[in-house]
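> According to Swiss-Prot, the protein carries these features:
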ACT_SITE  621  active site, proton acceptor
DISULFID  330-353  disulfide bond
DISULFID  334-340  disulfide bond
DOMAIN    290-379  domain 'PAN'
DOMAIN    496-785  domain 'Protein kinase'
MOD_RES   655  phosphothreonine
MOD_RES   813  phosphothreonine
REGION    585-602  region 'CaM-binding'
TOPO_DOM  23-387  topological domain 'Extracellular'
TRANSMEM  388-408  transmembrane segment
């Protein structure tokens, strides 16, 4: 449907304009496109040229709508920029296809940016198409195109044209998404990203610096569940194939007057829909009812008063953040920080961010240029207003009593009746007054300190005394959590930059950071869109702080300022086990000796949790991605958000809230909500098989005729005495201790047996894996989830979430997978 509409648009333009022979749409191998020259598409719809913004010498290469389609007064901007983050500082820029077929942007004779690095000595040309797509093509001898080597549609900037995609490539895992500009005349990558959700593929989201800012809701039957996009003419189609999953924007193809609908995300995170009309002008459909929800950004942000003055730096009474911040970021960070009283941009173009924790003083030197300072004052006005209300109540009370006294005298109420009525009136007035004072006090505290009360309650639950926080410059030996300020975390991660992002899990994104003392840390930030919440955060913070073992990851502290909830861990240089185990190249690092050592470490960590720690802990989410590896490839168990503490005599419990990862959950936990130490044993058995085989447990789901999962695959080969066939191919050519490998396979199958009672304990696993006592291993029984090649899982009734209740009946009401 979308492609038909685009074809009609192109055909209409062709008939209207005809083709010009005086301009070219092609750059041949060895030719140069320089500043002042243009490539113009065949029917003059788009042009490619170098340009710069007013009052800036920086040179950019971009694709524009041609002038024929714009009013002369139109404030136009390019739809695509090749070097948005790498501007050329002078006018010497040029574009060329070199002798090896590589597409390059040059500064003088030097390579500034290599857009395509695929080498070919064949005939290669660059062509600007009438769709707005810039393609590097390898040509056959007869002049026909052989293949596309590179195209601009695979690298969108802030604008979506018909034919472009939002989603990911199934083969390369490359993501197609829009990223806002940093400022009006600064096209560098900004703070807002519009694209497909990383976890739920049929949802579009806008992220602000990695945080959920807006969501379209689920795509179902050609519509999003949130009506915002549907009602405003944002028409999409969804494609899901083996080669990728993506949304394609089509616009309103039923409107015969319009064509080339575009979507642009601006610097404030607002989606703008624009369409070109046959009257040869562009109309901006910026309707406030159609904007993506999030921060509301005004010329003067809410809660701030602007002043243009020369002020001194905040170095002594605040902090300065990197130049990659926009004014939107700066105001949002100030609002999130209860100690922030003012902010300003550090650069003339409106980027950078300077925060004051005390009011800025007008002591700038004469050499400093005036800046617009935004001072936070709205909340103080509200607090002052509430003070007036309190004073008014105190003044009104005696006046009310005096009026009552006069009324009683007028009606000749005397003696005991007068006293009784007066006492009742005084009592009611006092109750009312105290109630109002209590309410006003809470209101004032809320306005002054934001979520301070909630923070205090959370600190108490974590066992932390706030009075000692500012005195504690070093971590104590009593396992207390260190409290980090939001500013210190921002500084450590360079404002949660993409370069420092290590990955993302069910909790939220994880970043690498560097503290002021030089120590490297990993920072786990609770996402607002995360399925995990405050309970899991507290659970993990408390548990890891109290558990100390060489095979458990160490938590250093947390940050709970305002709405932020972050955990700070020791940094693991080698990421997680799945990073190596399931990658066809990186898995070669894991020889059998190292794999066995990793299994040993996991066993020791689980044995400590189940038997030897101060607390008896069931992890409930043992999997490859939760096994971190330090610089010496020693394994450490992480992610205790779902862990549960058992009493000394407690052996099992049940829950109405089943949470974990499909493929690793034991059958009794998956079906009935029952969990125990044997649940972790099952998960470990699955992980053992993955380590031995080098495959994910669910890697068979595409094979409808084959086994259900890795467990069933190994079980079938075990019954046929073909265990050697399950061993990872990367291990088969190396020197293997086959008896040890076969023993590990058998131990793993014992761990994944259907009945929990049949599975060994982790203490038994230790003796089994080393073959202590020279006892032969028992034969494993049928594994879980095995019933022929395919088996349907029992239906789950999903109801609203209820709190866990250990004494409740065994019924699953909520199923959460991660």
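The backbone N, Cα and C atoms fix where each Cβ goes, and this holds for glycine too.
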> Taking residues 6+ outside the region 'CaM-binding' (585-602), which of them lie with a CB under 8 Å of any CB in it?
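Beyond its ends, the region 'CaM-binding' (585-602) has Cβ neighbours at 550-551, 577, 579, 622, 627, 629, 633-637, 684, 687-688, 691-692, 694, 728, 730-731, 734, 736-737, 740-741, 744, 769.
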> How many other Cβ atoms sit within 10 Å of the Cβ of residue 340 (disulfide bond)?
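That number is 20.
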> Taking 10 A as the limit, how many CB atoms besides its own sit near the CB of residue 330 (disulfide bond)?
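Here the count is 24.
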> What three-state class does DSSP give residue 353 (disulfide bond)?
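It is in a strand.
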> Pick from 334, 353: which of these disulfide-bonded residues has the biggest number of other Cβ atoms within 10 Å of its Cβ?
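That would be 353, with the most Cβ atoms nearby.
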> Could you state the CA-to-CA distance between residue 621 (active site, proton acceptor) and residue 340 (disulfide bond) to the nearest Å?
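It is 39 Å, counting Cα to Cα.
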